[in-house]
Amino acid sequence: MATALEQFSHMDKVAIAFVFFLKMVCSVLFSALLSAFTAFMETILNKPKDTALIYVAASQSAVGIVSILTVAVFVFTPLGKGRASPVLFFSLGCYFLVYLYSYPWPPVSEPIVVNSTANPHGCDATELEWCATQWHVKVWYWLPVTVILFAMAVPTSMISLDTVYSKLLGNIDQNMMQGALVLADDLASSIAPIVTMKIYTAYGPATFWLVLAGSALVGFLAWLPMIPKMRRLKI
C-alpha cells in the first residue's frame, strides 16, 4: 500500500480521474440497458413472457457474436495497433447512438399497447401509468441496430479504457491501481441498475433513453479536454 501511494503521488492524477469517471459512465451505460432490456422487450412485443425471453436470448447471443467480431478486428487488423483514445470516442459515440436511437421518435414509433381483454399481454396501466400515454420504437426498426451498436460499444470501451489506464500508470506494479479501477467499475455496475430501473418504472422508456443518451454525451464531452494530453503521450 505504501509503495502504491508513493507511486500514485508521481502520476497524472487529473488524467487518471478522467479514466475513473469514464469507466463508471461506461459501466452505467452497459448495466442500465441489460437491466431494462427484458422489461422493455415485454412491453413492446405484446407477447407472452416466454416468447419475449426468446427474443431477449437471441438478442444477447447476437450481441455476443458481434462483440467477438469487433474484438477480432482489433486483434487481427492494424486498428489494434493505433491509439486507444480515439477508440474511446468511438465507443462512447456508439453508446450515445444506441440510446438516442431508442427514443420513440414519431416517424418510427407506435403507442404502447395497454393490457386489455383483447391484448392480455399488453402493458399494465394500473401498475405503470405511462403505459397509456407513451410510445415505443417499432421493434424491427429498433432491435437490429441496437444489437450492432451495443455490441461494438462494449468491447471497444473496455479495450480503450484499459489500454489508456495501463499506459498512464506506466512501468510499475499495477495490481493496486488496477484493483481500484475494478472497484469503481463494480460500484457503478451495482448502483446503476437500481437507479435506472427506478427511472424506467417511474417515468417510462422515453425518459429512460434520454437520461442514458445524456450520460453518454457527458462522457463523450468529458474526454474532449484530454485530447491534447493523449496526443502528447501517444495514447
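Here the Cβ of each residue, glycine as well, is placed from N, Cα and C on the backbone.
Over in TrEMBL, the protein carries these features:
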TRANSMEM  14-40  transmembrane segment
TRANSMEM  52-75  transmembrane segment
TRANSMEM  87-105  transmembrane segment
TRANSMEM  139-159  transmembrane segment
TRANSMEM  206-224  transmembrane segment
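Remote same-chain residues near the transmembrane segment (87-105) are listed as 22, 25-26, 29, 33, 79, 134-137, 142, 145-146, 149-150, 152-154, 156-157, 159-161, 163-164, 205-206, 209-210, 212-213, 216-217, 219-220, 223 (criterion: CB distance under 8 Å, separation of at least six residues from the stretch ends). Within its own chain, the transmembrane segment (206-224) has Cβ neighbours under 8 Å at 18, 21-22, 25-26, 28-29, 32-33, 36, 85, 88-89, 92-93, 95-96, 98-100, 102-104, 134-135, 196, 199-200, counting only residues six or more beyond its boundaries.
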